[in-house]
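> What TrEMBL lists as Fe(3+) binding site is His76, His78, His246, Asp321. Under the heading Zn(2+) binding site, TrEMBL lists His76, His78, His246, Asp321. According to TrEMBL, the 4-imidazolone-5-propanoate binding site annotation covers Arg85, Tyr148, His181, Gln249, Thr326. Residues annotated as N-formimidoyl-L-glutamate binding site in TrEMBL: Tyr148, Asn323, Gly325. Per TrEMBL, the feature domain 'Amidohydrolase-related' maps to 68-387.
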Amino acid sequence: MGTTEARARSWINARLATMDPSSGHPYGALEGPHALRTRHGRIEAVMPMRDWRPASGEEAVDAAGRWMTPGLVDCHTHLVWGGDRAGEFERRLAGASYAEIAAGGGGIRATVRATRATSEEELARTAAERLAPLLAEGLTTVEIKSGYGLTLADELKQLRAARRVASLVTVRATTTLLAAHAVPPEFEGRADDYVSHVCDAILPAAAAEGLADAVDVFCERIAFSPEQCARVFGRARELGLPVKGHMEQLSNLGGSRLAASHGALSADHVEYLDEAGVEALAHAGTCAVLLPGAFYFLRETQRPPVEALRRAGVPMAVATDLNPGTSPFASLRLAANMACVLFGLTVEEAFAAITREAARALGLAGRRGVLAGGADADLALWSVPHPNALVYEPMAPRLWQRVLGGEIVA
Ligand code: NIG
Ligand code: FE
């Protein structure tokens, strides 16, 4: 990525959906043809075509009336894993529940066995391969969690593989340490001891190597209690790392309130979130990340409280949750479509949820997910009559150009 290139590049004759609410129009759309100038990998300026003059030595890319949006941001994935869980899917269809399979040593633990047995190189290669359909639909930033290693060495291996993905394909990756995803077999019946190991060994090592941009937990009866999650959050904050959590996915343990009290970036899933939890998120400015792929694949019936979240002004992001057990769907636009059909988001909310709000959920508000001066020049240009088509018809390709740090990458 030539992000330090001083030469400017402008996209001209584009229709801009800036996703910047200050424009006062749906999708932050700007009236009439516009130009967007990039320099040093950032957006330098946005202007109506009538005000645009080529800067000296500048390259101009003619968008010929196409729509430009921010590049898409997937703010919750478990992209790096070994093995597959197709057999578990069949067992669930035959009547076994996700929690039953987990209790029997399957589920997350099955993927842990397979991931431990796979090399860092192979994990990075398969993760990069899995990203192909997402890149083809305009993705420019992806968050990648660990959580299938659950030993010091294997969690770091997963995070290194996640970091390596960005050198194999043109994407920006952020990494999240999710060592508190499941109790590993070595600590069976000793969850508190495992949490101590996470706090005393895994977290400091990941922080020292600069391998984690954030720290996540799975707060659930089949995983970790709020007290255990609080210990992980406390340690992460001591190490200067932002926190987030898988909260209220299968039951309500008050995880979102806990997350909010630690200033978390996001509470994710939140199907079982109650009114007090909604209030806590709103008060802390913590995002709710909705994961309709997992809701659909687990045949969940409890919907996240979208109306209450909306009323309280909680920022709502949508992500794929791409993982082998509960959401094997590599399409963020499909997730946005599902968020509309299954959860009741408007199409505009859903598109904001995979751009501006997803960036917010990663602590990148204003920096990604919007077309505004100073933001990273991560762009998507589309052959669509309107950006609403991107959510309406998720499987139609429609991508004309993908731009990362001002460079055309597809
Ligand atoms: O987001 N909820 C826990 N973690 C993942 C599932 C991971 C798995 O089943 O492998 C999720 O749904
Ligand atoms: Fe997840």
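Here the Cβ of each residue, glycine as well, is placed from N, Cα and C on the backbone.
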> Would you please pick out, from the binding-site residues Arg85, His246, the one with the fewest other Cβ atoms within 10 Å of its Cβ?
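Looking at the binding-site residues Arg85, His246, the Cβ with the fewest others within 10 Å is that of Arg85.
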> Using only the residues recorded as binding N-formimidoyl-L-glutamate (Tyr148, Asn323, Gly325), report the maximum Cα-Cα distance in Å, whole number please.
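Greatest Cα-Cα span of the listed binding residues: 12 Å.
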> Taking only the binding-site residues Arg85, His181, Asp321, which have a CB closer than 6 angstroms to any atom that belongs to ligand 2?
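So the answer is Asp321.
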> Using C-alpha atoms, which one of the binding-site residues His181, Asn323, Gly325 comes nearest to His76 (Fe(3+) binding site)?
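Result: the closest of the binding-site residues to His76 (Fe(3+) binding site) is Asn323.
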> Which one of the binding-site residues (Gln249, Asn323, Thr326) has its C-beta surrounded by the most other C-beta atoms within 10 angstroms?
Gln249
> Out of Tyr148, Gly325, Thr326, which binding-site residues lie by ligand 1, with a C-beta less than 6 Å from some atom of it?
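Cβ under 6 Å from ligand 1: Gly325, Thr326.
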> Check Thr326 (4-imidazolone-5-propanoate binding site) against DSSP and tell me helix, strand or coil, would you?
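Going by the DSSP assignment, Thr326 (4-imidazolone-5-propanoate binding site) belongs to neither helix nor strand, so it counts as coil.
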> When you put Tyr148 (4-imidazolone-5-propanoate binding site) at the centre and draw a 10 Å sphere around its Cα, which of the binding-site residues His78, His246, Gly325 have their Cα inside it?
His78
> Could you state the whole-number distance in Å separating the C-alpha atoms of Asp321 (Fe(3+) binding site) and Gln249 (4-imidazolone-5-propanoate binding site)?
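Here the two Cα atoms lie 12 Å apart.
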> Do any residues at least six apart in sequence from His181 (4-imidazolone-5-propanoate binding site), in the same chain, have a Cβ closer than 8 Å to its Cβ, and if so which, in order?
Ile108, Lys145, Ser146, Gly147, Tyr148, Leu150, Asp216, Val217, Phe218, Ala223
